[in-house]
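Peer 1: Got a structure here, written out as structure tokens. Questions coming.
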């Protein structure tokens, strides 16, 4: 159904922030005030059997408020931004129809961008093409494939590191399937999308006024994961014949480093240091995405009363007392 000039889009509050910024605490605080259902905006939480390393909400927390898009696929499978977009638009409609309030919460900014801005017409993943590229990478190395990408799509290659296997593979896959550089397809106008036009997405962004404080939280969280049995969790996954480091699930922060430790490639201390560093790099990318959203409502996530501030911002959004600019 088209959104007429008279219809008012439904406001959807979105709680976005980097790792360890307090999203779960703020979401649960809102759940104590309103009948909400949380839709996860997190590419790691979709995987089953990956609980500790993804800092998945506990069973108790998930019992207190309905959560969606958590534990929905096996680690051997893939989940795309397009799938997230379709699932989220469907879920929002179902939650509203139940008389509840949807709250989007997470830190996968690519998913949020796909939801709010739409998707370009890129070809879907092809397992055969990916297997071919994986075999070439095993033989020649990802820097060699990066060099090939630079010849056919210099714009995309210029923004990717030579060892960024996931993105190099995707860019080459797109070219092999479409015959066009991914940069050209991404620059093409997005098709009109009436489904998302029914909603106004308002982001409340949890950002640190002092990044060093957030970095300390990240280190504490990683150590807590290790103490909670993270290495054992990865070992159980590693024993499966159908899982390997080339899969998106095993590229999640921390899992690759723990896997390398279990393989004997690095020692325990190096694994810990690399895991924390990778998490900090993810945090940096997440903050960069957030700061590119001029319409966001910023809450300092390291303030002593950050949960109360985030709760206040979310309630003002939902009450119509504040809106995206």
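Note that Cβ sites are derived from N, Cα and C of the backbone, with glycine treated the same way.
As annotated by Swiss-Prot, ATP binding site applies to 17, 18, 19, 20, 21, 22, 23, 24. Marked as substrate binding site by Swiss-Prot on the basis of sequence analysis: 19, 20, 21, 22, 23, 24. Annotated region 'Interaction with substrate tRNA' per Swiss-Prot: 42-45, 166-170, 251-256, 284-291, in sequence order, evidence recorded as sequence analysis. The site 'Interaction with substrate tRNA' annotation in Swiss-Prot covers 108, 130 and rests on sequence analysis.
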Peer 1: With a Cβ cut-off under 8 Å, give me the same-chain residues at least six positions beyond the ends of the region 'Interaction with substrate tRNA' (42-45) that come close to it.
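Peer 2: Hits for the region 'Interaction with substrate tRNA' (42-45): 53-54, 56, 69-71, 79, 84, 106-108, 110-111, 248-249, 252-253.
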Peer 1: State the residues, same chain only, that lie 6 or more residues beyond the ends of the region 'Interaction with substrate tRNA' (166-170) and have a CB under 8 A from a CB inside it; answer 'none' if no residue qualifies.
Peer 2: 125, 130, 133-134, 137, 142, 145-146, 149, 160, 182, 248, 251
Peer 1: Cβ within 8 angstroms of the Cβ centroid of 19, 20, 21, 22, 23, 24: which residues besides those meet this for the substrate site?
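Peer 2: Near the substrate site, the remaining chain residues are 17, 18, 25, 107, 206, 301.
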Peer 1: Of all the recorded positions here, 19, 21, 24, 108, which one's CB has the most other CB atoms within 10 A?
Peer 2: 21
Peer 1: Just to verify a number: CA distance, residue 23 (ATP binding site) to residue 108 (site 'Interaction with substrate tRNA'), in angstrom, no decimals.
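Peer 2: Rounded to a whole number, the Cα-Cα distance is 13 Å.
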Peer 1: Could you measure between residue 24 (ATP binding site) and residue 108 (site 'Interaction with substrate tRNA') for me? Cα positions, answer in whole angstrom.
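Peer 2: With the alpha carbons as reference points, the distance is 14 Å.
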Peer 1: Excluding 17, 18, 19, 20, 21, 22, 23, 24, please set out which residues of the same chain place their CB within 8 Å of the center of the CB atoms of the ATP site, keeping sequence order.
Peer 2: 107, 206, 301
Peer 1: List the helix, strand and coil residue totals of the region 'Interaction with substrate tRNA' (166-170) as derived from DSSP.
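Peer 2: DSSP classes over the region 'Interaction with substrate tRNA' (166-170) add up to 5 helix, 0 strand, 0 coil.
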